[in-house]
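Below: one structure, written as structure tokens.
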Amino acid sequence: MKTTGLSLEQAPPIVIPFKFFLTASLFVFAVGLVLVVGADKVFLSRWSPLALAITHLVTLGFLAQVMTGAMIQLLPVLAGSPIPAVVTTSRIIHLMLLGGTLLLALGFFHTDQLLIETGATLSGGAIMLFLAAVMVSLIRSGRRHDNAISFGLGWLAIIPTVAIGIYMVLGLGGLVAVGDMPRLVAVHLSWGLLGWVGTVLFSTVFQLLPIFYITDEISPGSRDFYVALIMLLLMLYSLAYFWNIESLEISLPIILALFLFLSFKLFQSIRSRRRKIVDVTLLFLWSGLASLLLAALAWIHGDNDLLVAVFLLGGVCMTMPIGIIYKVIPFLCWFHLQSLQVKQGRISSRLPSMKHYISDKDAKRHYLLHITAILLMAAAAMMPTLFARLSGLLFSLASLYFLRNLLFALLRYRAQQKALAVEQ
Amino acid sequence: MEQRLDVRELEPPVPMERILEALEILPSDDWLRVRHSREPYPLYSLLRDMNFTWNTRWQGGECIILIWHAGRPPPEIAGKGL
């Protein structure tokens, strides 16, 4: 029996997720700019300084901003417990992450060791602070959460990602000896993309599908099992590097196969939704799942790392979170206004529907721009001279449209908030 | 008297809208029994502001929330509910 719950004073203000998401969209714009400016260099190799800058603009600039911002807002909704001193803590995390990512990307851009070191320390620190804050909030809530294991393991995977990243940065500065750098990069990438982004992203979608689309639920036990298995395989893959056991490298294709299997489960879950309407957020999710399949096919084909990177980073890691944002932001706007209305003693006076904040038409336009940009990037990975600059231009345009949609949602929210204040 | 509401198959924000509408006209001696597919944490802050008390429990894979006017006896004490 429970009669306690979250008080409105504890709920994070809506400006917090908006701040993280708006920043994320600006980093996507930066990715487009780098593609335009360095079109002839980015697609030379995945080791080129510009490719490294882009990778970190996507993973830290976009993904880390979106994932921390979303978790800060969703923790009270999913677990009934916000992070401590939510406004101050989230402000510090946001600024450290923002500054750290900028410095790190600039460091790669100019091959400047000091900038890389400072950027890695700042962004790594931001993530560690976020993890500590989430731990405190979960302990304070005092409940066992269905999704704690899969989310927890997913977020813990960022610790080896950051640790190996910083180790490599120290290695670049000559402070420690790094043996086989390309293989260590592969271990760093695997923990980051598969361990952290992959599992947190899939856990989030598994969690949100039954809530927002009324689909069959995938049991928390089976979710936890797959995530734990992925973590175990990642540990084996790391041992392959540290102990030089080549046979353990088989772990990586098994992890990819597991993600494909999870994609199939997600696809099945989406099919089980009660209302068979296809809204644009589903298009983002389906395209993300299709990109994962394309990435796996490109990886099996094996002669174009950049193509795999485009499908994974752009196709999966950016497309799916955008779909989630378009589903979550309108609900948050509605909920915060409803709370305000109740505080004013009014209950059922009608608020605008969720479509008011981000319309289907606007989200669909962004979807078309975004997917075309990803396809052009894939073409650029094969024929850089023809498509690199064009893909950058379209990517910048798509990110500006994303920024516009988020800003409009915020402005419409503010206008509605003002109208409620006047009516009082 | 018990009023009943089943919001398990509804997409957000409809479940919360329906619950708030039902509470707005809930007579002071009645209580609302809501069948939900998950625990609606965000609803609780609104209930507190609207001066309602609630009791949540899980039964057969669904979340049952009993909501009544604060200061009134809870349904089970009054021998009328649960």
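A Cβ is built for glycine as well, from the same backbone N, Cα and C atoms used for every other residue.
Going by TrEMBL, these are the annotated features:
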- A:20-39: transmembrane segment (TRANSMEM)
- A:51-80: transmembrane segment (TRANSMEM)
- A:92-110: transmembrane segment (TRANSMEM)
- A:122-139: transmembrane segment (TRANSMEM)
- A:151-177: transmembrane segment (TRANSMEM)
- A:189-213: transmembrane segment (TRANSMEM)
- A:225-244: transmembrane segment (TRANSMEM)
- A:250-268: transmembrane segment (TRANSMEM)
- A:280-300: transmembrane segment (TRANSMEM)
- A:306-329: transmembrane segment (TRANSMEM)
- A:367-387: transmembrane segment (TRANSMEM)
- A:393-411: transmembrane segment (TRANSMEM)
What parts of the chain pack near the transmembrane segment (A:189-213), using Cβ distances under 8 Å and only residues at least 6 beyond its ends?
59, 63, 67, 70, 78, 147, 150-151, 153-155, 157-158, 160-161, 164-165, 223, 227, 230-231, 234, 237-238, 252, 255-256, 259, 262, 266, 269-270, 273, 275, 282, 285, 312-313, 316-317, 320-321, 324, 327-328, 331
Flag the pair the transmembrane segment (A:122-139) / the transmembrane segment (A:51-80) as in contact if three or more Cβ pairs fall under 8 Å (sequence separation 6 or more).
yes
Any residues 6+ beyond the ends of the transmembrane segment (A:20-39) with a Cβ under 8 Å from its own?
50, 53-54, 57-58, 61-63, 65-66, 68-70, 72, 90, 94, 98, 101, 105, 109, 318, 325, 329, 373, 377, 380, 384, 388-389, 391-400, 402-403, 406-407, 410
Report yes or no: does the transmembrane segment (A:225-244) come within contact of the transmembrane segment (A:151-177), defined as 3 or more CB pairs under 8 Å with a sequence separation of 6 or more?
yes
